[in-house]
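Participant: Sharing a structure with you now.
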């Protein structure tokens, strides 16, 4: 086992897959000589050169189209968004081309592309650079969506995403790049469609993902000290949702809390509630509690920015309100 920071875990995954398969390449703003805005591509340019580590202009729609075209020809591009919010400028390419071409071509085209980069609230990046786009992409047919939360799952998921023959949106959080974890020395992969049982429990199921996993686990320490026994599941796969794992937990605890950094209106939590109400409503002993970010642009001011997202005390209060 080796202790690794998250940005290094992502870099290792990329490096290993580029060594394994010459069709894998990465492109994006400052991914080459600079090594990426959060150093995920550090030293890869010197190792693989301009043809496989491409610095692009500030033209997201153009280089996304370039990557999709490369994928159609059999290459495996990794697109790094310097900030995931910038990918709104490539929304047409992601939706109408990456997401739909395999279907609209009758299966003649595969689009093995990974679109990854930093997002989420933190570092006082302002409203335009703090967007949570997972709900935007969730509505697009043909996409897979994952959100990493630890160095361990970041590496295993990214390696699986690169080898997948479908477009994968890969969310990383700006505040988790310096998170440390122990990684196996042997190669490993993690499934793109499975949730992770983080903590077994009986009283209530808490669903979460990305940065909020760590806020939930901070809350769990106090909850356990107060005699509560929550079950915690990291969704990881935001599309498709691992509804089977969610349902199995709900059948045991009969209470559900969703903790997300996504906006409440039309967010990931809203989709989970819809699916639970459609298929597993009879297993609920209490209304589902949803803790989400406020439906406002993220303020630049640090105190106001912090006030828009969920913190451990709110999670503790939510558990005590239904258990």
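The chain as shown is numbered from 1 upward.
Every residue gets a Cβ built from N, Cα and C, even glycine.
According to Swiss-Prot, the protein carries these features:
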| type | residues | note |
| --- | --- | --- |
| BINDING | 60 | thiamine diphosphate binding site |
| BINDING | 113, 161, 162, 164, 166 | K(+) binding site |
Participant: At the level of the C-alpha atoms, what whole-angstrom distance separates residue 162 (K(+) binding site) and residue 60 (thiamine diphosphate binding site)?
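Facilitator: That separation, Cα to Cα, works out to 20 Å.
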Participant: Let me know the DSSP-derived helix, strand or coil state of residue 164 (K(+) binding site), please.
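Facilitator: Looking at the DSSP assignment, residue 164 (K(+) binding site) belongs to neither helix nor strand, so coil.
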Participant: How many Å lie between the Cα of the residue listed as 'thiamine diphosphate binding site' and the Cα of residue 166 (K(+) binding site)?
Facilitator: 20
Participant: How would DSSP class residue 113 (K(+) binding site) in three states?
Facilitator: coil
Participant: Are there residues of the same chain, six or more positions away from residue 113 (K(+) binding site), whose CB falls under 8 angstroms from its CB, and which are they?
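Facilitator: Result: 67, 68, 71, 76, 77, 78, 79, 98, 167, 168.
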Participant: Identify all same-chain residues not among 113, 161, 162, 164, 166 whose C-beta atom falls within 8 angstroms of the centroid of the K(+) site's C-beta atoms; report them in sequence order.
Facilitator: 76, 112, 114, 144, 160, 163, 165, 167, 168
Participant: With every protein chain in view, how many other Cβ atoms are within 10 Å of the Cβ of residue 164 (K(+) binding site)?
Facilitator: 17
Participant: 60, 162, 166: which of these binding-site residues has the sparsest Cβ neighbourhood within 10 Å?
Facilitator: 166
